[in-house]
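J.: Below: one structure in structure tokens.
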Amino acid sequence: MSADPDPDANSNPSRNRKGSRSSQDQQHAHLPPLSPSVSRPRPLPPTNPPEPPLTLLHPTTSPVNQSLYRSTSEGNVLPSHRAFREEDDEVEHDSSRLRSQGNGAKWWKIKVGSGMYKDVRNRIPFYWSDWTDAWNYRVIPSTWVLPGLAFSLDLIETTGQYGVQEVLLSSFMAAFVASFLGGQPLLISGVTGPITVFNKTIYDIFETKTDGPDYLHFIGWVYLWAAIFHWIAALCNAVKGLKYVTRFSCDTFGFYVAAVYVQYGIQVVTRQFGQTSTASGFLGIILALLTLVLPHYFNALAGSGYINKHFRRFCADYGMPITIIAMTGLAYWGRFDPYVLEDQMTLPTTPHSFRPAGDRPWLVKFWQLEGKWVGTALPFGLVLFILFYFDANVSSLIAQGSEYPLRKPPGFHWDFFLLGITTFIAGLLGVPAPNGLIPQAPLHTASLVVMGYEETSSSSSTETVVPPSPGPESRLRSDGRTSNAGSFNRRHVKSKESREASLVKQREEKKPDERREVPVAVVEQRVSNLAQGCLCLILMTKPFEHVLGLIPKGVLAGLFWYMGSDALLTSGVTEKMLYLIRDKRATSPSDPLNRVRKSRIILFTIIELIGFGATFAITQTIAAIGFPVIIMLLVPLRVLIVPHLGFSDEELGILDGAVASPFTMESVGGSI
């Protein structure tokens, strides 16, 4: 005699779903967790990431070998164990033992080079696909180098020790190493604002000393000491400290970098009044303002619904190059021509190809420096190490943020070791040390995002319909006076289910053009980084360097203003300030900040602004050499002090959070 079926099996779909979820959990129980060192759950990334790519010509995915990936029960795509091996049994045993011991763990016992080894081991299976995946149109608009060149202007005019050739060579060296050897080829490196401040400060310190050291020789020793600290930190797995870096530190540092860009643009246009005539100075201001406004107009057009998505995507990809070319041509048009041809109006270049500024040899014999200055360079090298530890790794985190659907593992330890090598070579050649570029690095990743249409399945839409519990309904049946109400309740549930089913059917019948586009993949490859480096090498030749020499300084100032203003508008600090002054009726009901007390939002924003103000203020003094220390103090400030200022865990989870996904943070042991 067969057993009677469970009467609740069909009447309680929620129980069926729980059973299916439990069976799926049992099927995936053998898979290791993504981040075993995470101490508390982190908030999910926002459903609408900041500044997502706009549209794509075809809703496709990156041509990555799909056999290298596995799909989770939630639909997420993660690397399979064939390509990305997890911790071995010994390491897992040690980590569990350390967690059980708590404070008694012997933290000083480290496995030298284990982080670098795991980074290389995890990334090697993807090396060939990093080149073959580049067969995608998204690689073309992601290749442009003009923002990095803008910093050469400031170094030339303030130190006289560097020129366009040095900046181009530094950018090529960084791109070459990252493309062929790097574990994170999406990271764009070059001459950044912070390293420009650092080099200028050292020059200002020794400029007035009659018996001071040779500048390039002293910088060579500073870079050598910094490279040694890089190698020691990478070998000792010190990059795992990134687990304590959150959005708080990244937003504050990004706000500072954006302000430095705006300041540089102001300095460029004000210096022109002392270098050229008054009319030429005003021409520089006009060009700078036009260069500032036009790219924002392209972005606004790209984000609108006008014309078609192909044209909007074109505006997003090529708005900045079109602006640079148009404004440079405008400077030589009509009556502007005699003013732009004045001396000191355009980017200064060298008369010969592949020749550094001052006709010096490329090799800097910094070992000939006096011994007393070698020891003096040590603390400067330590400060540079602190700067690069934060700047380079934060650039890597932001370029691999949680809003980007990345599938290939990172390599923080290995890339930090390579950064020490490029820093040492920069000292030998007398070029500025390259580093991760903000905001160019995340913009490079965003330009490689592949858009696709969101999936619509009935399973994801109907599971929210839950029938009423049998308790109240049985009570309604037992009371004759309320039987009509019970029947009305049942009819209401059925009508709700029918409405949900009709909505699902309508959603499934939508045409592809009517559905919302979302990021589905990133073209993770090495070609775009290498192409930028090769372009820098080409620009070092005489014909192309002559073209660079035609760009007015006002255009470069406008480029500074655009990069700074764009970073400020998309900053998390600005987002919170705008929320505080926005009318409640204009605020989305689903905004996560609605669940945070306004006093806590104000306090958190004030702390970020104080960190930014302290960093920016110190760079305006002779003590600017210490600004990396102020930046680094943002991390312990967030970890040790901010949680004790009256914030709840939920509020901190909304105001702050991990920069990258757990998959990316696995390289450094997870996140706090």
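Here the Cβ of each residue, glycine as well, is placed from N, Cα and C on the backbone.
All annotation found in TrEMBL is predicted automatically rather than curated by experts.
So TrEMBL lists the following for this protein:
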{"type": "REGION", "residues": "1-98", "note": "region 'Disordered'"}
{"type": "COMPBIAS", "residues": "42-53", "note": "compositional bias 'Pro residues'"}
{"type": "COMPBIAS", "residues": "54-63", "note": "compositional bias 'Low complexity'"}
{"type": "COMPBIAS", "residues": "64-75", "note": "compositional bias 'Polar residues'"}
{"type": "DOMAIN", "residues": "114-275", "note": "domain 'Bicarbonate transporter-like transmembrane'"}
{"type": "TRANSMEM", "residues": "172-195", "note": "transmembrane segment"}
{"type": "TRANSMEM", "residues": "215-236", "note": "transmembrane segment"}
{"type": "TRANSMEM", "residues": "248-266", "note": "transmembrane segment"}
{"type": "TRANSMEM", "residues": "278-302", "note": "transmembrane segment"}
{"type": "TRANSMEM", "residues": "314-333", "note": "transmembrane segment"}
{"type": "TRANSMEM", "residues": "373-390", "note": "transmembrane segment"}
{"type": "TRANSMEM", "residues": "411-433", "note": "transmembrane segment"}
{"type": "REGION", "residues": "459-518", "note": "region 'Disordered'"}
{"type": "COMPBIAS", "residues": "495-518", "note": "compositional bias 'Basic and acidic residues'"}
{"type": "DOMAIN", "residues": "502-657", "note": "domain 'Bicarbonate transporter-like transmembrane'"}
{"type": "TRANSMEM", "residues": "559-581", "note": "transmembrane segment"}
{"type": "TRANSMEM", "residues": "601-618", "note": "transmembrane segment"}
J.: Is the transmembrane segment (248-266) packed against any residues at least 6 beyond its ends, judged by a Cβ distance under 8 Å, and which are they?
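T.: Apart from its flanks, the transmembrane segment (248-266) reaches 150-151, 154, 192-194, 197, 288, 390-391, 394, 397-398, 438-439, 557-561, 563-565, 567-568, 571-574, 604, 607-608, 611-612, 615-616, 619, 631, 634-635, 638, 642, 655-656, 659.
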J.: Would you call the transmembrane segment (215-236) and the transmembrane segment (314-333) in contact, using three or more Cβ pairs under 8 Å, pairs 6 or more apart in sequence?
T.: no
J.: Let me check one thing: do the transmembrane segment (172-195) and the transmembrane segment (411-433) come into contact, meaning three or more Cβ pairs under 8 Å with sequence separation of at least 6?
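T.: Contact between the transmembrane segment (172-195) and the transmembrane segment (411-433): present.
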J.: Could you give the residue numbers and ranges of same-chain residues that sit at least 6 residues beyond the transmembrane segment (601-618) on either side and whose C-beta is under 8 angstroms from one of its C-beta atoms?
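T.: Non-local partners: 248, 251-253, 255-256, 259-260, 573, 576-577, 579-580, 593, 624, 626-627, 630-631, 634, 637, 642, 645-647, 655-656.
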J.: Mind checking which residues reach the transmembrane segment (278-302)? Cβ under 8 Å, same chain, six or more beyond either end.
T.: 54, 265, 268-269, 272, 312-313, 315-316, 319-320, 322-324, 326-327, 330-331, 336, 339-340, 342, 345, 552-555, 557-559, 561-562, 565-566
